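As recorded in TrEMBL, the features of this protein are as follows:
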type     : residues : note
TRANSMEM : 72-98    : transmembrane segment
DOMAIN   : 74-543   : domain 'Major facilitator superfamily (MFS) profile'
TRANSMEM : 110-128  : transmembrane segment
TRANSMEM : 140-163  : transmembrane segment
TRANSMEM : 169-186  : transmembrane segment
TRANSMEM : 198-221  : transmembrane segment
TRANSMEM : 241-260  : transmembrane segment
TRANSMEM : 347-367  : transmembrane segment
TRANSMEM : 431-451  : transmembrane segment
TRANSMEM : 457-478  : transmembrane segment
TRANSMEM : 490-512  : transmembrane segment
TRANSMEM : 518-538  : transmembrane segment
């Protein structure tokens, strides 16, 4: 745990701020007793002596490093990783209308297939989050993104349903690591006053991944030229689509491995002061490129425990004892989350994550299949005898309308993302979360009521545009409600809860969509409303400092 200094101690030891070749007073703060000098006239000898005493907190060091090119490049890199996770998750929903024939899938099988990646994410979410808090954000991201991409691509070659299911499950373990950790990693480079807007901007890349997956499906799956044989494997166009969907994760892993540094906040927490300062230097160099400014020398208020002493690493005992010790340590963050001042917010977030994950993924993953049914009846629940007829029909030639509608729904995320970026820092995540969940609930209820294809499409676009605000708000709140030592573990835990909900939602849809479609649709509406009301119990975190 990081060593924290009392405010009075920090102010008492805070040195004079230096900014030049001679020491001339520029400003005197009478409340704090702090003299600030103009760097343009400082004495280098005095500067060296005083800077040797200057120790900054994490937030102060981030502010000293400026804001600019580094943060925009980081946004693109982390955004691409976030988009790659969206592509890997959502690609299954787009291949269902055609893959169900090649893999001989019933509606229940399709529910299991869409649930498989969420089961993997549930397994991987907390495990990767715990490792990120103890071994580093960047290392975990490289490994999890690689697992995601490799096994996602291998799934394209699976000739049997059970093998395809297994490979999607393993791919999900990788996705479960990258989603929560990427937001912890990204937030720890951001200055406090810009953090909300930048995390919201990062969250918009989920929309980019959604659009990319829908666009690839529209361009590739209906094409007959993408069909060929590999031995006994009939390589249909949807298999090529699966291969293409694995590329973003693999390229993201390469970018993190070769180009990006470790989180400076994590480095400070584990006592690696020199490494953290090097990261701040890199940030300063890119942000101040062309401005002719020199890096201001300073020390950092790091953890009292240096590298290698953050955890006890026993060398004695049997394998089972070591495993028991690891599992015991792994449960410590959960106990901390549900104790003291964090208890009420953790319970509230648990309910919200379950409600939104069951609803969003339960409905979203079935949109392409539901719209295929809308093509014939005007409403996804208008004729429950239709699905059995569809299963006996050929999936080819592929109807492009299903993928075009999926692309339109994915693109309708854009207004919600823009709204979030503009309003997050001024309104706060709590209000946006509650508002978006309530409106999403209403739109889903109306999807069940309407009877025409056009009305279903419009309301689905409303649901898409509004529900994304809730996800963006959760990303910001999750980063701000927990301290650094728990942040990735907490996000990993809640991601795991969300995956349980997503699995349940997809299985419920698979079991009931053919017999009683109204039950899962109305259940989604009720859960979204519940989540919106419970969100009002969360504390306000607008522009708060990371601890």
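Keep in mind that glycine also has a Cβ here, set from the backbone N, Cα and C atoms.
Confidence for the domain 'Major facilitator superfamily (MFS) profile' (74-543), expressed as mean pLDDT, is 80.
In this chain, the transmembrane segment (347-367) lies in contact with the transmembrane segment (490-512); the count of Cβ pairs under 8 Å, excluding pairs fewer than 6 apart in sequence, is at least 3. Residues 71, 75, 78-80, 82-87, 90-91, 94-95, 98, 182-183, 186-187, 190, 237-238, 240-241, 244-245, 248, 368, 398, 400, 403-404, 406-407, 409-411, 413-414, 417-418, 420-421, 424, 468, 471-472, 475-476, 479 of the same chain lie 6+ residues outside the transmembrane segment (198-221) yet bring a C-beta within less than 8 angstroms of a C-beta in it. Sequence-distant neighbours of the transmembrane segment (241-260) (same chain, 6+ residues past either end, Cβ-Cβ under 8 Å): 74, 77, 80-81, 83-85, 87-88, 91, 94-95, 138, 141-142, 145-146, 148-150, 152-153, 155-156, 174, 178, 209, 212-213, 216-217, 220-221.
Same-chain residues lying 6 or more positions outside the transmembrane segment (518-538) and placing a CB less than 8 Å from one of its CB atoms are 344-345, 348-349, 351-352, 354-356, 358-359, 362-363, 380-381, 430, 433-438, 440-442, 444-445, 447-448, 467, 470, 477, 481, 505, 508-509, 512. The stretch in 72-98, 140-163, 169-186, 431-451 that contributes the largest number of Cβ pairs under 8 Å to the transmembrane segment (457-478) is 431-451. For the transmembrane segment (72-98), the residues of the chain that approach it from at least six positions outside its boundaries are 105, 110, 113-114, 117, 141, 145, 148-149, 152, 168, 171, 175, 178-179, 182, 185-186, 189, 198, 201-210, 212-214, 216-217, 221, 236-238, 241-242, 245-246, 248-249, 251-252, 255-256, 259-260, 286, 364-369, 372, 395-396, 398-399, 402-403, 406, judged by C-beta separation under 8 angstroms.
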